[in-house]
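K.L.:
My structure is below; once you've seen it, I'll send some questions.
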Amino acid sequence: MSPQTETKASVGFKAGVKEYKLTYYTPEYETKDTDILAAFRVTPQPGVPPQEAGAAVAAESSTGTWTTVWTDGLTSLDRYKGRCYNIEPVPGEKDQYICYVAYPLDLFEEGSVTNMFTSIVGNVFGFKALRALRLEDLRIPPAYIKTFQGPPHGIQVERDKLNTYGRPLLGCTIKPKLGLSAKNYGRAVYECLRGGLDFTKDDENVNSQPFMRWRDRFLFCAEAIYKSQAETGEIKGHYLNATAGTCEEMIKRAVFARELGVPIVMHDYLTGGFTANTSLSHYCRDNGLLLHIHRAMHAVIDRQKNHGMHFRVLAKALRLSGGDHIHSGTVVGKLEGERDITLGFVDLLRDDFVEKDRSRGIYFTQDWVSLPGVIPVASGGIHVWHMPALTEIFGDDSVLQFGGGTLGHPWGNPPGAVANRVALEACVQARNEGRDLAAEGNAIIREACKWSPELAAACEVWKEIKFEFPAMD
């Protein structure tokens, strides 16, 4: 058939390339309650109009490709295409725009974070017409949320399992993160739990290495949990990292944890992947295990201000995929995190309904329609002097996790745990009495030092430790 010969299917079809904005930029579009809405920070290449850049994002993340294809006529593009419906310049930034894109719900497989991200961010970030692209926020409609199980248990169920109310939970990451034998590792777990912590934790890269195979670690940690529970009368846990090279191996480790009767397991959800995470979350709900989530690799995705994906999007995705805890930054420790922005995505993790608030980075009102909440975990370079600020910032429904801030105590692990527990109890009591933790925090800690030599020793060691660096560009 010669190139000039028309077929029946090509009647009305005009081959060639046309501007994306002619099809995918629709400023008159009124969004639907069932649409997934995305806010992209777009930096076009020189000479590319923002309308064309926004339309290109909508096209390449939905039904579009670089040229017109005759099979467009075999479906309804108006029904399935993404639409760039609004564009705002970013104040104070040259040639940056917030482009809002609406996606019809039919584009996405039910209950699949993997498919949602494959569509929205899977291909478009390498598009040549863009110098940079960042997904700032997503609005997940209730109709789509209802296709997900979400967290295995949620905040209230975890409180009931631990029988612990009215205060933040305390944790500790065992250090050194790599190199300990399973028996010595279990010893450190016992000492920290016995000293007053609620949880201890495998670090993100503790899986099953030659110096400590996973089964040995699970056994010694279970022994530490039961021994500390018997001696304190409190329910304890250790985040046993079930992350593995295959989904089958991951589930096998979770099964063994359940057989040991421990309360919680752990997963590295970004390196492990959303499909694996959702599978593990379903197993945990069915078998009564809490699920702690580590966000290892997140800064590769979210740290650049004009390219990648903001952590609030990863946090929303985790709430859909499933996890009872997730690391959220500290605001005050060694890892980056602005207070208002951090509290914005903390609310998105915990609350059932969150109003749009651009000052906190929340681009859309989000209704979670009773999907269980996720407890934020503050971790990274924190110590007893930070306790008042952490208690005031994160409130009761949080885990405050001190690794070096426990194990680095000059008297050893148990006094380190005691110091953190005393500092927390002092801050909670002061708050309940109506004192201002932000203004009186240091005084509250100093008062508690008078009747806790363990806390006094910790305060002396870390009194000058700060992590203050200029904000990133």
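Note that Cβ sites are derived from N, Cα and C of the backbone, with glycine treated the same way.
Sharing the features that Swiss-Prot gives for it:
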type: MOD_RES; residues: Pro3; note: N-acetylproline
type: MOD_RES; residues: Lys14; note: N6,N6,N6-trimethyllysine
type: BINDING; residues: Asn123, Thr173, Lys177, Arg295, His327, Ser379; note: substrate binding site
type: ACT_SITE; residues: Lys175; note: active site, proton acceptor
type: MOD_RES; residues: Lys201; note: N6-carboxylysine
type: BINDING; residues: Lys201, Asp203, Glu204; note: Mg(2+) binding site
type: ACT_SITE; residues: His294; note: active site, proton acceptor
type: SITE; residues: Lys334; note: site 'Transition state stabilizer'
K.L.:
Cα within 10 Å of Lys201 (N6-carboxylysine): which of the binding-site residues Asn123, Thr173, Arg295, Ser379 qualify?
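P.N.:
Neighbours among binding-site residues, in sequence order: Thr173.
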K.L.:
In whole Å, how far is Glu204 (Mg(2+) binding site) from Arg295 (substrate binding site) when you measure between their Cα atoms?
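P.N.:
About 8 Å separates the two Cα atoms.
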K.L.:
Non-local Cβ contacts of Asn123 (substrate binding site) (under 8 Å, 6 or more apart, same chain)?
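P.N.:
Listed in sequence order, they are Glu60, Ser61.
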K.L.:
Do any of Thr173, Lys175, Glu204, His327 (recorded positions) have a CA within 10 A of His294 (active site, proton acceptor), and if so which?
P.N.:
Glu204, His327
K.L.:
Within a 10 Å radius around the Cβ, which one of these recorded positions has the most neighbouring Cβ atoms: Lys175, His294, Arg295, His327?
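P.N.:
Comparing the recorded positions Lys175, His294, Arg295, His327, the most crowded Cβ belongs to His294.
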K.L.:
Take the C-alpha atoms of Lys177 (substrate binding site) and Asp203 (Mg(2+) binding site) and report the distance between them in angstrom, rounded.
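P.N.:
Cα to Cα, Lys177 (substrate binding site) and Asp203 (Mg(2+) binding site) are separated by 6 Å.
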K.L.:
For each of the recorded positions (Lys177, Lys201), count the other CB atoms lying within 10 A of its CB, then report the residue with the highest count.
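P.N.:
Result of the Cβ crowding comparison: Lys201.
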K.L.:
Does DSSP put His294 (active site, proton acceptor) in a helix, in a strand, or in coil?
P.N.:
strand
K.L.:
Rounded to an integer, what is the Cα-Cα distance in Å between Glu204 (Mg(2+) binding site) and Lys175 (active site, proton acceptor)?
P.N.:
12
K.L.:
Could you round the CA separation between Asp203 (Mg(2+) binding site) and Lys175 (active site, proton acceptor) to a whole angstrom and send it over?
P.N.:
8
K.L.:
Write out, in the order they occur in the sequence, the residues of the chain not among Lys201, Asp203, Glu204 that have a C-beta within 8 Å of the mean position of the C-beta atoms of the recorded Mg(2+) site.
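P.N.:
My list of surrounding residues reads Thr173, Ile174, Lys177, Asp202, Asn205, Val206, Tyr239, Asn241, Met266, His294.
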K.L.:
Reduce the DSSP letter at Glu204 (Mg(2+) binding site) to three states and note it down.
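P.N.:
Coil, per DSSP.
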K.L.:
In which DSSP state, out of helix, strand and coil, do we find His327 (substrate binding site)?
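P.N.:
SS state of His327 (substrate binding site) = strand.
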K.L.:
Please report the DSSP secondary structure of Ser379 (substrate binding site), reduced to three states.
P.N.:
strand
K.L.:
Using the residues the record lists for substrate (Asn123, Thr173, Lys177, Arg295, His327, Ser379), what whole-number Å value is the largest Cα to Cα distance?
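P.N.:
Among the residues the record ties to substrate, max Cα distance equals 36 Å.
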